[in-house]
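Here is the structure we will look at.
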Amino acid sequence: MALRKATFAGAVAGEWIKIWTVRSTLWSMFSTVVVTVGLSSLLSLAYALSYDRLGFRARLAFDPVAYGLAGLNFGVITLGVLGVLVVSTEFSSGLMRTSLSAVPRRSRLLAAKAVVLAVIALVVGLISSFAAFFASQAIFSMRRLGVGIGDPEVLRAVTGGGLYLTLIALISLGAGAIVRHTAGAITSVLGVLFVAPIFGVFLPEDWGRTVQKFLPPAAGSAILTTRETPVTLPPWEGFGVFAGYTALVLVVAFVLFRRRDV
């Protein structure tokens, strides 16, 4: 009896089944929505209550969409953890050998993991982003600060929240494949997202502003804004920079995954 040849569709189906058997998947999805919507609502409420004490410049620069989606900057943690776990747990448990027995072509296996993760992250990201937007705008509307989904640039920014979280998950998957250790990979991802921007503060002012614009978190989150500011790149330009970082990490991950022993 001839062995059935592994196909990419079969690899994707296998990874789809596998990822839903892991408890951390549902935990990460639920946590992402709760953290994003909860913190976005709290931060929006705090801003609305303090609005009368703000100066003229602060009011002029106020972006209700960016502030309303602020919780996404914390939702990246839970989806980032999921992205790492998709790969790292198989290395630590030895399951990766079994996976490679079923799908011998390593690039096909890693690509299947990336496709499944991207679909899940995009759905969760869009749900989180739209829910956070509507919750925050309901709060802002009490002070007549809110905007509608049909206003200029708003739909792009809210949809961009889902795209941003998708790239976060993929760059985390790449980190998991490169580092192969759960704690180390998670630390690396969180370090890039939350620690790296601090170093821009120690650079000369002009250099610091320029460097910070191109750092991963600032570049990626530029898609969440509806107003251009001196401290951020234009939305799609920033998103393109972050997509480039993601592609670079994934290329390195694919190369190392093919060359190193399991």
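Glycine is no exception: its Cβ is also placed from the backbone N, Cα and C atoms.
Unlike curated entries, TrEMBL annotations are predicted automatically.
Residues 67-72, 74-75, 77-79, 81-82, 85, 120, 124-125, 127-129, 131-133, 135-136, 139-140, 142-143, 145, 165 of the same chain sit 6 or more residues outside the transmembrane segment (26-49) yet have a Cβ under 8 Å from a Cβ within it. As annotated by TrEMBL, transmembrane segment applies to 26-49 (among others).
Long-range neighbours of the transmembrane segment (69-89) within the same chain, counting only residues 6 or more positions beyond its ends whose Cβ lies under 8 Å from a Cβ of the stretch, are 19, 22, 24-25, 28-29, 31-33, 35-41, 43-44, 95, 110, 113, 116-117, 120-121, 124-125, 128-129, 132-133, 136, 157-158, 161, 164-165, 168-173, 175-177, 179-182, 185-186, 189-190, 193, 217, 221, 224. For 69-89 (among others), the entry in TrEMBL reads transmembrane segment.
For the transmembrane segment (110-134), same-chain residues at least 6 beyond its ends with a Cβ under 8 Å from one of its own Cβ atoms are 8, 11-12, 14-16, 19, 25, 29, 32-33, 36-37, 40-41, 65, 68-69, 71-72, 75, 79, 82-83, 86-87, 103, 149, 154, 158-166, 168-170, 173, 177, 250, 253-254, 257. Annotation comment: TrEMBL describes 110-134 (among others) as transmembrane segment.
Here TrEMBL flags 154-178 (among others) as transmembrane segment.
Under the heading transmembrane segment, TrEMBL lists 185-203 (among others). The list of residues near the transmembrane segment (185-203) in space but at least 6 beyond its ends in sequence, with Cβ under 8 angstroms from a Cβ of it, reads 76-77, 80-81, 83-84, 88, 168, 171-172, 175-176, 178-179, 209, 211-212, 215-218.
Cβ atoms under 8 Å from those of the transmembrane segment (239-257) belong to residues 106-107, 110-111, 114, 160, 163-164, 167, 170-171, 173-175, 177-178, 214, 216, 219-220, 222-223, 233 of the same chain, restricted to positions at least 6 beyond its ends. The transmembrane segment feature in TrEMBL is assigned to 239-257 (among others).
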